[in-house]
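K.L.:
Below is one structure. I have some questions about it.
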Amino acid sequence: MTPRHAKQDGTTNTRWPRAPEQTHQTAPVPSSFPAPTAPRSTAPAPAPATARQQFPHQQQQSRPPATDRHSSRPAPNCQSISRSSIMASKFVIPPPKPGSTRALTQKDLQTARSLVSFPLEPMTETIFGSAEAYERKQYLLNLVMKEPLFSKHDRFHGSREDRLLRALAMTKRLVELRDENNLSDADMHLVRQLVDETIPMSLHEGMFLPVLRAQASPEQAKHWLPLAESYQMIGSYAQTELAHGSNLSGLETTATYIPETDEFEIHSPDITACKWWIGSLGLISTHTLVQAKLILKGKDYGPHLFLVPLRSLDDHKPFPGVTVGDIGKKMGFNLIDNGFLMFEHYKIPRTNMLMRFAQVTRKGEYVKPPHAKLAYGGMVFVRTALVRLAGGSLAKAATIGTRYACVRRQFHVMNANKQVAGVSSSEETPIIMYPMVQARMFPRIAESYAMLFAAQGIEAMYHDMVKRLDSFDVSTLPAVHANSSALKAYCTGVALDGIEELRRATGGHGFMMSSGLPYLLFNYSPSVTFEGENALLTQQTARYLLKQLHKHQTQAEPLHHFVEYLELLSSGVGRKSDRTAAVSSPADWFNPAVQLAAFAHRAARVTGELAHAITQCGTPFADLNVECARASKAHSEYVLVRTFHSTTRKILQDKPALYPVLKLVSDVFALNTIEKSIGDFVEDGYLAHAHVKHLRAALKTALQDMMKDAVGLVDAWAFSDFELDSTIGRSDGKVYEALLETALADPVNKGMNGKAVSLGYEQYIRPLVKGERLQKKSKL
């Protein structure tokens with residue numbers, strides 16, 4: 001099969017020629033993905049001390065200069081990861097012999113880049129939103145890479161205590177960098193991504209500050225925000241308890257108002273009320289925002305937020321009545337101090353209740369907020385940010401996997417892709433040419449692009465909502481809350497599954513910590529749980545869909561554009577449709593209208609069936625958890641496909657050179673997503689056997705066509721080798737050198753050069769091989 005998408009000059013890439021040595025492109029320009037951030041007060045912060053805490057084992061990485069593909073100036077230390085500076089000098093890796101496997105790996109990556117059919121610079125700017133955002137990221141990366149403390153060469157070693165101390169030092173240095181360079185909140189969000197460690201400051205910046213800004217009254221904000229933004233007050237967000245997390249109404253911590261002293265008494269009635277999993281609490285927090293049940297004159301008004309001092313600002317000792325600490329080692333996230341917290345009749349001023357919306361007067365009277373859901377703004381902010389983080393995290397893994405697949409060769413077999421690429425049958429086959437590898441890797445690239453484009457859309461909705469909330473206009477809040485919940489649940493799950501699939505697809509080398517994939521997997525894993533457990537979030541989305549459907553059918557209320565598919569239910573809720581897909585050949589599946597119609601049909605049907613189960617069958621909502629998850633998933637996939645289509649239409653107008661490849665990536669995303677859930681589309685007859693056969697043929701063609709652009713698509717994300725920290729995802733293709741260098745530099749091998757006596761020989765190995773154990777036994 002030949003590619004469907006032609007290059008700008010009208011030709012198609014049907015060969016995979018050997019590129020000459022001089023065509024080698026330099027390391028891709030580094031990148032992370034900027035995310036939405038709440039505005040930070042511009043009040044000047046006192047400059048902390050600039051002394052940098054250093055650790056003896058932290059050494060600056062060797063960084064040979066590279067070229068910035070956006071200009072002729074040197075890139076900011078965008079080097080391939082080299083640990084040779086700490087490698088034993090007695091062993092030197094020789095240069096590759098001409099025609100050897102190592103020589104081919106570098107040429108394979110160069111060749112792949114030479115075949116890319118689109119310009120990388122406009123694609124990178126599209127991902128970042130603008131050239132200015134991209135250049136800002138370059139500047140920030142340079143700041144990070146100049147700091148020895150942020151070196152990654154020894155990130156996996158040392159005790160947890162040592163690593164936590166290093167994380168605290170990193171936190172201090174980041175605050176210093178912010179003040180020294182006048183960095184904004186958006187800058188700091190990106191800098192924390194570039195540092196690539198979840199460190200103790202993360203929840204102060206990511207939860208404490210946004211919620212404080214969103215829910216503190218103007219008077220409270222004027223007093224507290226300058227302290228919090230200057231790190232003279234370091235905070236966290238304490239909601240989850242040992243016995244309750246997502247069920248906010250089940251929280252046991254109480255805040256009882258005492259009118260005689262104008263105070264709230266914060267109390268943990270049992271250990272089940274112990275706050276648990278609270279990020280940035282175990283070591284660093286001086287204050288926290290506590291979700292506690294508001295008790296006024298014996299009446300429970302439900303959970304409200306209170307700013308609670310925990311530790312002395314003089315010596316950091318916990319105050320009497322406060323028990324606080326770190327919860328211990330976890331599967332991942334071990335550089336952040338997740339903590340526990342209990343109170344024993346601990347009193348705080350009444351004015352420490354966050355009172356932008358709900359209030360308690362001096363007389364103990366409750367003043368309701370203008371709208372019950374106004375306080376959701378802070379949580380919505382975090383969930384929108386997690387959509388972008390999902391796309392960026394999966395993009396990292398896809399970059400590593402795709403580059404490795406280009407340079408990894410296995411078996412002297414001839415297949416269609418190898419023939420089309422012009423690779424000799426006498427050569428081993430690059431694994432990127434195997435259909436199974438393409439089916440495992442290329443949809444992950446497409447999912448990353450889909451999530452990043454969806455993030456741009458949900459961020460725009462969020463910022464519009466924030467402006468409206470300033471005047472207590474909550475009209476857009478339900479849609480933003482429901483869609484951010486749906487996309488958080490769906491995208492984080494897809495990203496986590498995709499990272500693991502890419503780890504598996506890279507074989508044994510992907511299992512190495514030095515590949516970058518296991519560390520990424522472990523640290524990303526909590527995303528499916530925090531800020532709303534994914535399965536539970538789908539119920540919030542399902543409730544919104546049911547309300548939208550009910551209002552539309554009973555009050556003729558216009559539908560939000562993301563739920564326009566509910567119009568398809570006008571013929572009767574829950575009835576099976578007699579419509580079928582307008583597909584008679586594989587080519588029909590490349591029609592965006594056909595794709596979106598399939599997702600709309602499925603989403604409308606499963607939502608209709610959910611409504612039918614409740615209204616017609618009388619099934620309690622609580623018994624329909626699985627059906628809610630199906631409806632939320634169907635809705636999320638409709639939103640992602642719709643957003644991808646609208647993005648490609650805009651690209652066709654603004655940057656037509658990018659349209660063919662983005663249309664191809666959009667096709668791969670839509671068709672692969674249908675194929676993964678084919679039962680949903682088949683069960684009511686919308687797709688027949690012939691439709692499915694055509695779908696799979698179209699998807700196979702699209703995956704084959706994507707092969708020539710796969711490296712370009714991941715290079716366009718512009719991750720530096722510093723960010724990837726991967727031996728097998730190197731931008732120069734020197735995979736095998738990196739793996740061996742890393743092994744030689746491991747502390748277990750330190751000083752042995754692969755030739756010296758092994759660690760533990762005298763104590764444990766020698767007594768065995770010399771038979772000393774047997775000699776002692778014979779003497780007995």
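One-based numbering along the chain as shown.
Keep in mind that glycine also has a Cβ here, set from the backbone N, Cα and C atoms.
Annotated region 'Disordered' per TrEMBL: 1-104, in sequence order. Under the heading compositional bias 'Low complexity', TrEMBL lists 38-61. As annotated by TrEMBL, compositional bias 'Polar residues' applies to 77-87. Residues or ranges marked as domain 'Acyl-coenzyme A oxidase N-terminal' by TrEMBL: 121-234. Here TrEMBL flags THR240, GLY279 as FAD binding site. Annotated domain 'Acyl-CoA oxidase C-alpha1' per TrEMBL: 376-546, in sequence order. As annotated by TrEMBL, active site, proton acceptor applies to GLU531. Annotation source TrEMBL lists domain 'Acyl-CoA oxidase C-terminal' at 591-770.
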K.L.:
Count the residues of the domain 'Acyl-coenzyme A oxidase N-terminal' (121-234) that DSSP assigns to helix (H, G, I), to strand (E, B) and to coil, and report the three numbers in that order.
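P.N.:
Here the numbers are 85 helix, 0 strand, 29 coil.
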K.L.:
Just jot down the residues in the same chain as THR240 (FAD binding site), at least 6 apart in sequence, with C-beta under 8 A of its C-beta; none if empty.
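P.N.:
Spatial neighbours, sequence-distant, of THR240 (FAD binding site): LYS275, TRP276, TRP277, ILE278.
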K.L.:
Around GLY279 (FAD binding site), which residues of its chain at least 6 apart sit with Cβ under 8 Å of its Cβ?
P.N.:
SER202, LEU203, MET207, SER236, TYR237, ILE336, ASP337, ASN338, GLY339
K.L.:
Within its own chain, what residues at least 6 apart in sequence put their Cβ under 8 Å from the Cβ of GLU531 (active site, proton acceptor), listed in sequence order?
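P.N.:
Result: MET379, VAL382, ARG383, LEU386, LYS488.
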K.L.:
Over the domain 'Acyl-CoA oxidase C-terminal' (591-770), what is the model's average pLDDT?
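P.N.:
Reported value for the domain 'Acyl-CoA oxidase C-terminal' (591-770) is a mean pLDDT of 94.
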